[in-house]
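As given in TrEMBL:
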type	residues	note
COMPBIAS	1-12	compositional bias 'Polar residues'
REGION	1-44	region 'Disordered'
COMPBIAS	30-42	compositional bias 'Pro residues'
REGION	72-127	region 'Disordered'
COMPBIAS	84-109	compositional bias 'Basic and acidic residues'
COMPBIAS	110-127	compositional bias 'Acidic residues'
DOMAIN	129-251	domain 'C2'
DOMAIN	277-410	domain 'C2'
Amino acid sequence: MSLSKPHPTQTHFHSRSPPGNPSSTLSLPPADPPLSPSPAPSPVKISMQEHFAINVCPGPILPIPQISDFFPRFRDFPSTPPPQRERQPEKDRERDGAEKDREGEREREEVEEGETQEVVDSDDDDETYLGTLDFSLLFDQESNCLHCTIHKAKGLKAMDSNGLADPYVKLHLLPGASKANKLRTKTLKNTLNPVWNETLIYHGITAADMTTKTLRLCVCDMDRLGRNEFIGEVMVALKRLRVGESKKYNMGLERQVQNREVNNQNQEQGTPVAEEERGRILVSLLYSAEKQALIVGIVRCAHLAAMDSNGYSDPFVKIMLQPDMGKKSKNKTSVKKKTLNPEFNEEFAYEVPHDQLAKKTLEISVWDYDLGMSNDFIGGVELGIKAKGDRLKHWFECLKHTGKKVEYWHALTQQCAPSSD
């Protein structure tokens, strides 16, 4: 399509100043005649291939880079071999070896001098230094409780990729470590010097336990995505504690391998664990002369045996006064879900004359509740004239001191298992 462009208009400016008139006049040339309209352009026909070539390939096609351009060692042609080393004569080798020996001796002397000057910092090695743990222990014989206060830890080993850790402390009583006697503090995030100031309490600890048990305190790093990592642990023999006195400890964490040997020795020297694994129960007895009734209180249980696949139990307690007095002689507590240290604080009254109470026997049994199945027997205890030890002592004190509540911890055994639940 071609158009004829008009010539640019030329303006002629003539200044004519007639004599006697200083003003100038502007004269314009006459306008050009109008242009004739040009014919319409004919449409241009383009093939489909040319259309795509114009839109897709506006420029020249460049070669595609190959992997050999980025990694020259993958080229097909072999690379030039490195130049061969020249062999040194034997005399030069001996001279070089003597000089290296002298330099090695100088370096050793410098290292030895540095070690003698920095003996205090030698424990900072990652392989040996794991940190320290500050805690205190208190045994209360009246309530049969062991109070463990975890204060803080210092200089823990870094376990995470950010150079920090998410530490927590878990406690076990040896021998017989299980979920029943496991206590744990809260987890503190991103720190190597955590401060807990948290008190954990073991219930049902007797004076006999203090002579045979050992407390193990493990410091671990919590990992949500994977398995929790072990940092270090300390062990304390409870026989070193004095009754009613709080003792503070500041101990360095040790490796797990060393403490396994101590654990095995404690298991060999300790008492049989079969009875302890069933658990213990705290029972209160009170005979009310006004109501002419025996009031039995189920306070709590501790260190019960795990009966479910998740490592816990759903315990409840049954109480029965023998000989059978009908439906009034049978009672049971509520069910506590997923715990091995339940707290009940429930009381039951039996209307019995005081003179007939000496002929009665109180049967207490702990069960694991299973929905739609038969309940599992955990352990039991009998109080009465035929009992022995603390069980007989507990029964006699209740009969002797009317109106006074007497509490005792009793070990659960499988000897007094009832015929049916």
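Including glycine, each Cβ sits where the backbone N, Cα and C put it.
These figures come from a predicted structure and were not determined experimentally.
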For the domain 'C2' (277-410), how many residues does DSSP put in helix, in strand and in coil?
20 helix, 61 strand, 53 coil
Where does the mean pLDDT land for the domain 'C2' (277-410)?
91
DSSP-wise, what's the residue breakdown of the domain 'C2' (129-251) into helix, strand and coil?
12 helix, 61 strand, 50 coil
